[in-house]
Amino acid sequence: MSAAGVRSTRQRAAISTLLETLDDFRSAQELHDELRRRGENIGLTTVYRTLQSMASSGLVDTLHTDTGESVYRRCSEHHHHHLVCRSCGSTIEVGDHEVEAWAAEVATKHGFSDVSHTIEIFGTCSDCRS
């Protein structure tokens with residue numbers, strides 16, 4: 001087991017190594033295709049299961065695109081949110097005290113406690129607008 005409580009396997013190591021080389025979010029299919037291109041013989045189902053396990057352990061970020069597809073990226077170590085371009089998929093991590101304060105205020109207003117949240121904001125980046 002690793003520090004995050006995830007069992008270490010050859011497949012998990014290959015997926016983790018690949019994710020470390022990428023800056024952007026990728027679908028399980030895209031990751032599977034890249035692993036095969038690199039000579040890794042890992043089934044698509046194994047890629048999906050491994051990504052789910054890594055996401056549950058906080059090792060990868062999962063983002064649901066506006067089309068409903070799940071995409072994955074190596075997780076930053078700090079709490080953050082995402083701005084996502086609908087056109088090119090470019091993603092920017094944002095951490096903002098105002099977002100955290102707003103989330104806490106809304107939760108308190110509605111009687112919630114022990115709250116966690118994820119926020120994904122979709123729009124069009126400046127490069128795609130040009």
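Backbone N, Cα and C atoms are what each Cβ position is placed from, and that goes for glycine too.
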Per Swiss-Prot, member of D61, D66, D96 binding Zn(2+) 1 alongside C75, H80, H82: D61
According to Swiss-Prot, which candidate in E40, E98, E100 joins H79, H81, H117 at the Zn(2+) 3 site: E100
Residue with minimal Cβ packing [other Cβ atoms within 10 Å] among the binding-site residues C85, C88: C88
Same chain, 6+ residues apart, C-beta under 8 Å of the C-beta of H82 (Zn(2+) 1 binding site), given in sequence order: D61, L63, T91, I92, E93, V94, I119, E120, I121
Conformational class of C88 (Zn(2+) 2 binding site) under the three-state DSSP mapping: coil
